[in-house]
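**Q** So TrEMBL has the following annotated:
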BINDING   His144, His194, His261, His452  Fe cation binding site
Amino acid sequence: KGTYLRNGPGLWHIEDYNFRHLFDGYATLVKLHFEDGRLIAGHRQIESEAYKAAKKNKKICFREFSEVPKHENFMAYVGDLSKLFSGSSLTDNANTGVVKLGDGRVVCLTETQKGSLVIDPNSLETLGRFEYSDSLGGLIHSAHPIVTDAEFLTLLPDLLKPGYLVVRMEPGTNERKVIGRVNCSGGPAPGWVHSFPVTQHYVVVPEMPLRYCAQNLLRAEPTPLYKFQWHPQSKAFLHVMCKASGKVVTSVEVPLFVTFHFINAYEEEDEDGRVTSIIADCCEHHADTSILDQLRLKNLRFFKGEDVLPDASRVGRFKIPLDGSRNGKLEAALDADEHGRGMDMCSINPAYLGKKYRYAYACGAQRPCHFPNTLTKLDFVEKKAKNWYDEGAVPSEPFFVARPGATEEDDGVVISLISEKNGGGYALLLDGSTFKEIARAKLPYGLPYGLHGCWVPKK
């Protein structure tokens, strides 16, 4: 009993102009309300300033992921640059995630701080901007904060003095307070932090060699890596900060990596109960940045039966020693052939956040494909995967909801929205344990592919 909300880009054109990249689309919020064995579905566009201005003016008016407004002359471009430095020309198109705060408010998010919008989970109405009441400033933050009933944790990249602020916000407030700061160990700018993991006592701050790039942000046309640059010579690092003190307890160099999404992290202890290392898992793309450009719409909309999706995705498992060693390890948590060498869009049982866990749910691949096309249950103990596949279908993120009163980690259901090749779609429920289909609900029309979701239990 409750409501599954899913956010994601859903409108990729204004008038006769078609956007270029999956991440450019204006946000579409979908709800699946479950009660008494029935499902009521609905969807609605999130009414960001970027979306409303585009509809009114019949053109793009804010800087999206790969799109910029078309300027009538050079002076107009210069004027837009001045707005960029203040942040006013950046989009507030909150098309990435949706979270339920500990106080019950529901917020849609993207990587610009101004793109934090409060919505009504019942009507899906956009209620207004989530205004942070602190003076921390900055233009961007992690698109995926860590949200529990007790706190909201996120990272604020510092582009001027390369590093990251780790901040916490308590339920019922709009004020972020600094836990501590991490200085970058290499590179001209901080690495992209789309997401990050936590353990019970630590925040893990990733420093990828895929780094923010101010010059690319200023360009009128996108580069192959959009707002980022690949700096392998700057190396890759993981920093571990104590939640309580804000002290950085270790910074280790790790093999080069590229990830959008961390899955989970936990602490390993010795026989005396002392923490000896941290394990952090992510959907890792073998340090191959091409996955970013593969998400252009021209690559996603047409499947010719050939294998297009890069076959270098795995569950990357980092081991971060806490004994003063300067290097960490990165290896596959299980054989990538178990999930078709495609892996992203993950969820876990939220009760195991920051704790040792066994199962994760993600999107995998059945080859040939041009996009992840399976739902996958990963077992990190048996090092096996169970895969759900429906020919021609594209599933969105599998979202795990635990059964009330459950004692087993995988006792619950997995929810996903499925897009069919004929343009239709359906909501799917899988058993979290057996991974067998429980039910599907045919939608009256197809919905666009979406990204991330959250669960709002019935009060």
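Placement of Cβ uses the backbone N, Cα and C atoms for every residue, glycine included.
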**Q** Counting only residues 6+ away in sequence within the same chain, which have a CB under 8 Å from the CB of His194 (Fe cation binding site)?
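**A** Same-chain residues close to His194 (Fe cation binding site) (Cβ under 8 Å, separated by 6 or more) are Glu111, Ser142, Ala143, His144, Thr259, Phe260, His261.
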**Q** Sequence gap of 6 or more, C-beta under 8 Å: which same-chain residues meet both conditions with respect to His452 (Fe cation binding site)?
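**A** In sequence order, the residues whose Cβ lies under 8 Å from that of His452 (Fe cation binding site) (at least 6 apart) are Arg6, Asn7, Gly8, Thr96, Gly97, Val98, His144, Met345, Glu397.
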**Q** List, in sequence order, the residues of the same chain other than His144, His194, His261, His452 whose Cβ lies within 8 Å of the centroid of the Cβ atoms of the recorded Fe cation site.
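**A** Apart from His144, His194, His261, His452, the close residues are Thr96, Gly97, Ala143, Ser195, Phe260, Phe262, Leu451.
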**Q** Looking only at Cβ atoms, how many others are within 10 Å of the one on His144 (Fe cation binding site)?
**A** 22
**Q** Tally every other Cβ atom lying within 10 Å of the Cβ atom of His261 (Fe cation binding site).
**A** 22
